[in-house]
Amino acid sequence: MLLFPSTSLRLFFFLFLLFSSCFLQIRGDDDDDDISDDNIKVDPSLKFENPSLRQAYIALQSWKQAIFSDPFNFTANWNGSDVCSYNGIFCAPSPSSPKTRVVAGIDLNHADMAGYLPRELGLLTDLALFHLNSNRFCGEVPLTFKHMKLLFELDLSNNRFVGKFPNVVLSLPSLKFLDLRYNEFEGSIPSKLFDKELDAIFLNHNRFMFGIPENMGNSPVSALVLADNDLGGCIPGSIGLMGKTLNEIILSNDNLTGCLPPQIGNLKNVTVFDISFNRLSGPLPSSIGNMKSLEQLNVANNRFTGVIPSSICQLSNLENFTYSSNFFTGDAPRCVALLGDNVVVNGSMNCIDGKEDQRSSKECSSPASRSVDCSKFGCNNFFSPPPPSFKMSPTVRVLPPPPPSSKMSPTFRATPPPPSSKMSPSFRATPPPPSSKMSPSFRATPPPPSSKMSPSVKAYPPPPPPPEYEPSPPPPSSEMSPSVRAYPPPPPLSPPPPSPPPPYIYSSPPPPSPSPPPPYIYSSPPPVVNCPPTTQSPPPPKYEQTPSPREYYPSPSPPYYQYTSSPPPPTYYATQSPPPPPPPTYYAVQSPPPPPPVYYPPVTASPPPPPVYYTPVIQSPPPPPVYYSPVTQSPPPPPPVYYPPVTQSPPPSPVYYPPVTQSPPPPPVYYLPVTQSPPPPSPVYYPPVAKSPPPPSPVYYPPVTQSPPPPSTPVEYHPPASPNQSPPPEYQSPPPKGCNDSPSNDHHYQTPTPPSLPPPYYEDTPLPPIRGVSYASPPPPSIPYY
């Protein structure tokens, strides 16, 4: 009689203890930002080259225990003291001690791993590049990341991270590239983010709310993508302060209200301006005609009224003007002539007399079609009374989003399900993985292409032939290496190499999808089961014994970002997505591929010339590219990472660390190619400290001095053979919060021997492109541009 209740109580008590311990472990990670290796046992028989590699061993072994699923056995060779030979791990000479090798880069893109980030990763204090896009990592970003003082690029896109904005990234002094796309971050965007010297910010496809901070104009970024959130509120008038650096901005599908601030006319370097799928109203400011570099203008699916200003149609560089699904009543004769000027124009579903495909007379006489008084919105964007022709409509005044104290509904938008899982209906559904089905949703984005592609980096001046690193064997080249934004090095003091390498296209890996979506389709990669859904990013690099960097093939649908002088912002050119309400067009942003060798710039510092960016016009200090070589079936040693010599002459393929003090380089100019072509391997550059010719595809660690990074050339690195495997440390980090994956839930393939299956080979697996941005970062879902 008492047996049944007793059994039930025991089961309940056991489950309670299990979840309580997991929660306490997660909270412990959040509250404790200090790291201690006292509880981690290292086999005394293991011999390490230096204390830094011993610390890296502890960090990586702790991380290996925190990975619940590794379907491609990517961590099969994560054994022994030769951490530089681990799959996805890349070493380089330390900037402070050229004879000392340290772990300078991690590239696990497209590894499809499930797990969390243990706080021991903070022991990787020499890390400059950290690329994890297109996996199933969940939980929160550990506070111990604050110890990564040299971290230059952080790409966590297309995973299942949760919680509020990871404020720890605001404490990273060398950070230039931040990509948090396709996760489940929520709450407000901190205003301090726009006070940092960043070059690219990608926050699209999350759950951010409570408006865009008023100090947005303080940011020196060249690429800013906040699309597909639920921000609400007005576009800050401070946007006009970004005219010197901003090249591309995507604010589509953010529930924005109010009128378009006339200060946008100061954005003279912007090539892509996308504010589609919002609730913006009023007239289009004639100041748009001052945006001389504008190529893509998308204001579709809003509530704009009045007449199209003739100044817009006189822009000499305009290639695509989409103003459909508004309430415009007329357009200037010059705009009619655009149809014969090889300019794509879409003005359907408006109230323009004499045109086809317009709204009905009933819709055009509705309250939504009436002109409004922009000064009544309280956006503080207008300093003079509106033109007399515009009267305030009787519609209810739109107020900015509620304060952060209000709760955010977790069902607003469903993130893409893992490749094997189906997506449940939600208000905003992102494209499911190639194998998963997309459930109906209010806002559906096109599924990512079925094939995987690794990001490519735009070509920079050819670096001198990479010197061989005698101590270690050549690093394996990874097939799908994380894309890295290559920043143009300063003008070389010595003659450049005889011929430049093919241009590196900086593209983020797009999620796989059955076929390339139509042009400009903004789709998010599907997440994997368990943790928060994530979109797929570029596949992890396949390691081959060739030291040369792997080639990156952009996803068929999402456009890739080409980098010229500085990391290009993602261009979101998306083909039109199938969702009932067409999602905003995005310009696919591809994350920079990981460079196999990492180079550190010479100790001497010299300011590099300002980079010029074409295509996605993103002006900001270019991040150093890192090269990741493909991996062969057997775990090959990582590619060599080199730090540039202390002398002012350009060191061969050194890895540069960006200067500790943040000095923004001149705004880069990006060209955003609409067509997708396989980009060459992208190098990872660390900004050099000394004056020297910029090498092509080297990895730069920001120099300790405040001078801009110098160019570096890639060096062929031959990593030493990995020693016998030793048991990993017995310490096991607690799982992170918000992570549903467990060893029992996800398939975890344990390989008893190192000769386990090599990482899968991904061919052109694109992430959903972000329409309108051509920045090299983890591949976003591709969406056709309207």
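Glycine residues also receive a Cβ, built from the backbone N, Cα and C atoms like all the rest.
The feature signal peptide is assigned by Swiss-Prot to 1-28. As annotated by Swiss-Prot, repeat 'LRR 3' applies to 149-172. As annotated by Swiss-Prot, repeat 'LRR 6' applies to 221-243. Positions annotated as repeat 'LRR 7' by Swiss-Prot: 244-267. Here Swiss-Prot flags 268-291 as repeat 'LRR 8'. What Swiss-Prot lists as repeat 'LRR 9' is 292-315. Swiss-Prot lists 353-362 with the feature compositional bias 'Basic and acidic residues'. The compositional bias 'Pro residues' annotation in Swiss-Prot covers 460-477, 487-542, 566-589, 694-713, 720-737, 752-769, 777-786.
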Can you check how the pLDDT averages out over the repeat 'LRR 6' (221-243)?
94
With DSSP as the yardstick, break the repeat 'LRR 7' (244-267) down into helix, strand and coil residue counts.
5 helix, 4 strand, 15 coil
Tally of helix, strand and coil residues over the repeat 'LRR 8' (268-291) according to DSSP?
5 helix, 5 strand, 14 coil
Which residue counts does DSSP give the repeat 'LRR 3' (149-172) for helix, strand and coil?
5 helix, 8 strand, 11 coil
